[in-house]
Structures are given as structure tokens and as C-alpha cells.
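Visitor: Sharing a structure here in C-alpha cells format.
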Amino acid sequence: MHLFINMIFLINIVFIISIIFIERRNPQTTWAWILILTFLPILGFIIYILFGQNITREKNFKRKILDDKTKQKYLNSFKSHYKLDNISLKYKDLIMMNFNNDNSTYTQRNDIDLYFDANSLFEEMIDEINKAEKFIHMEFYIFKSDEIGKKILQALTKKAKEGVEVKLLVDSIGNSIHKKDIDKLKAAGGDFKIFFPGFCKYINLRINYRNHRKILIIDSKVAFLGGFNIGDEYLGKDKNIGHWRDTHTKIKGLAINDLEGRFLLDWSYANESDLDIDLKKYFINPHSTDLPKKIIGAQIVSSGPDHTEQQIKNGYFKIINSAKKNLFIQTPYFVPDEPMLEALRLAALSGVDVKIMLPGNPDHKFMGWIANSYFESLLNAGAKIYLYEKGFLHAKTIVADSSICSVGTANMDIRSFSLNFESNIFIYNEAISKSMEEQFFKDLKVCTKVTLESFEKRSIISRIGESIIRLVSPLM
């Protein structure tokens, strides 16, 4: 036993040397790994093997990065592009950054609806699936074979039998679809793929990199993107969670092209195939007479561990820094890195009304403890923090100055910014932003406000626990 522990300790020393001198991570993450590998050697060893290897990360994504670049050039020939030099807008710098970081096209001929509950969203999804004539492309983190999951699978299977192209891509960890349901879909002519499959569901050396996207695209006429996964719990049927509060979008118009491009790249990678299909049918002609008459500026921005730039984080950062009057944020998990935390503090210190809403009852208790460790710094700067008490808050939204907002799959945490595959829509429109604000203030009615006075009264044990877990927060 002593020999085993000594071997683990020596291997951990090699890991630490690699982290410091080869991987050259940021100081926060480096210290977190040093602490856990030194003081919890066996646990640290296991966690590092599963979650920590940047060298393995580079190996995993080297082919994907090269393939995506090649395929992206091909996809661009089918997408609508605008000359950004001619755009004169309040947020031109953000638009330019998103374009340069993620090749994200700025489009205006869009119509966007917001959904704040799963009942209406799932009804709309099924209705649109039933109207499909050419193709249905679906990419989700969690997909369950429960009541609502089976309804959607039945709708997909029915369309596949009718000759509609059906492609369903799910994450290997989030997938809970029964094999018999998958077999029915395949027998009907549908196609099903798992993103980053492992030896078995929970033995996967790539477990750290999750496809957290929630995308549905139908005939390039309509698309859905947001925070809802597929399962009964999102309808509030899980008694342990209760009401599920989330935000999702329904998109019509040219913004769908970038979302379709994102799906095709992910599908191609999971399928280990080239884009050797007729792509014209997947993209909207920018000169089509069927485009929405509304003018709603939008960009689809995606990020993941296969990129050196943290695109969605950078977009959030620009929105925070641009805010002049108010900034309203909803996120289920709050683990900002130091630059993001400082940006929020500086916004509050500058007189911006910064309101951050988090779950009062986190689904993972330790994530609540980590979030708590950032409260004092924000409260001292003048930011306001609210805990949502009516069930579970899962929305991932940010709104600034009633003029710009972002909705999608990315939480405001280090994992979403650097380790998960995420997609958000950035919306440059006052009407949509005000609708988001209205919902934020509705949610405030069922929130408890965290005050500095009440927060300082927490127990010594809570303070010690928060301080300890804060040390490893960069790994969460």
C-alpha cells in the first residue's frame, strides 16, 4: 500500500512539473492543481487523469481544429456575409470581435421569439418537427427516454419514415435514450450519433469535454437554441427540483445559417466524415423572398475546448464593459475567473446597476458554495445578488442597457467558457432585450436578495468551506 501511494505521489510530481513548465496554465488553475495533487494525491491523480490533461486535450482536438478550418471555408461559400466595414452600429466592436474570433456572421433579417417555460417550448418544437419537409437536425446535451423525450423521438421517427432527413446528435454523458428507441429511429431511416463516446457511459478519458449545445434546426426555416434539454424534469415533474425556469429562443431568418454550419461541423466530427453532401439545401439564400420582414440583428457564437479563444466569454466580457446603465445576468452556475469578476466589480463601481440572479436551491450543492465565495467581493462593489426560490433557475442570459442580450447554453463559469462545447445567440435589438428585462423582473418577485449584512452573518464553517472550495474553483 505504501509503495502504491509513493508511486502515485511521484506520478503527481511529474503532473505538477508538466502543468508548470509544459502546459503553462494560468496561475489560478496551476495552484488549484498543485493543491489537489499534493494534499489529496489519490483523488487528485484520478481527477487529473479524467479532467486535467491539456496534452491529451491538444491531441484530441488537433484533427478537429484542422478539419473545422478546412470545412469552414467550404461552408462559408453557402452562407450570407455582410461587409462589416459598412456597419455603423452601437456594438460594432462586439460584432467585429465575434466575427474575427468565431467567423460569426452578423445578420439582420431575423425573427426571434423567447420561451421561458418548457411546456410551450416543447409543444412548439413538436409542431415544427411535424411540419418538416426536408431535414431535421438536432443536437442536445441531455436527451431522456421519458414521456416528453419519447414524444419527440416518436415525432422524429415518423418524419424519418416519411423520407425526411433526420440527424440526432447527443452527448455521451448526457444521453439517456433507450437503445430500443434509437433502433426504431434508425430503422425508420433516421441517423443517430454520440459525441465523444467512451468505453462505456462513465468510463471516458474525454469526460471533461462535454457537448453542452441544445440545437434544433428544421428545413432552415426555423431553429431553436437555448438552455432547455429534453426531459420531463424540465417540465417541472421532478419533485426534488420542482419548477424549472429556463430561457430558449426560436429563430427564423439568416442567423440559422451559422447555427446550421455549427451543427454540420459537429456532426461531421462525430460521424468521422467529410462534408461530401449537397450543402445547398441546408442554407438560406440571402436573397430569398421568404426571409422575415423584421430587422433583428443577431450573431451565433460558439466556443469550445477546440478553440484557443474563449469566444462566448469574450462576448460576455464586452457586454459587461459596454454597459452604461444596467446589467442583468442569470446563470445556474457562477464561477467567474478573475478578469470576469473584476469586470463585474468595475461595472458596479462605475454606477452600473448590476443584478446577478442565481439558484436559491442549486442542483449541485458544492456549486452553490463556490458561487457564495464570490458574493462578498461583488456586494462590496455595489452589485446586487438575488437567489431564485421558485424551483431551479437554469437560464443563461445577459442583458445590458435594454439594447443587447445573449441567450444560449453557456453558464457564467470557467467550465462553460473553456471546456464545454457551447453556443449562444447575441441579439442586438431593443424589443427583445426589453422582453428579457421584463422576465428578469418577474423572476425577481420570487427571489431573496442577498445583502452584505445577512451574508456576513453566515457561520464560521460556511466561511471556511467557501474559502477551501474557492481554491479549487478553477477546476470546476
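Placement of Cβ uses the backbone N, Cα and C atoms for every residue, glycine included.
These came from Swiss-Prot, pasted as-is:
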| type | residues | note |
| --- | --- | --- |
| TRANSMEM | 2-22 | transmembrane segment |
| TRANSMEM | 31-51 | transmembrane segment |
| DOMAIN | 207-234 | domain 'PLD phosphodiesterase 1' |
| ACT_SITE | His212 | active site |
| ACT_SITE | Lys214 | active site |
| ACT_SITE | Asp219 | active site |
| DOMAIN | 389-416 | domain 'PLD phosphodiesterase 2' |
| ACT_SITE | His394 | active site |
| ACT_SITE | Lys396 | active site |
| ACT_SITE | Asp401 | active site |
Visitor: Would you kindly give the Cα-Cα distance separating His212 (active site) and His394 (active site), rounded to the nearest Å?
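Guide: Here the two Cα atoms lie 13 Å apart.
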Visitor: What is the Cβ neighbour count of Lys396 (active site) at a 10 Å cut-off, with all protein chains included?
Guide: 27
Visitor: Using the alpha carbons only, what distance in Å do you get between His212 (active site) and Lys396 (active site) once rounded?
Guide: 12
Visitor: Please report the DSSP secondary structure of His212 (active site), reduced to three states.
Guide: coil
Visitor: List the Cα distance (Å, whole number) between Asp219 (active site) and Lys396 (active site).
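Guide: Between the alpha carbons of Asp219 (active site) and Lys396 (active site) there are 27 Å.
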Visitor: Let me know how many other Cβ atoms fall within 10 Å of the Cβ of His394 (active site).
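Guide: The answer is 23 other Cβ atoms.
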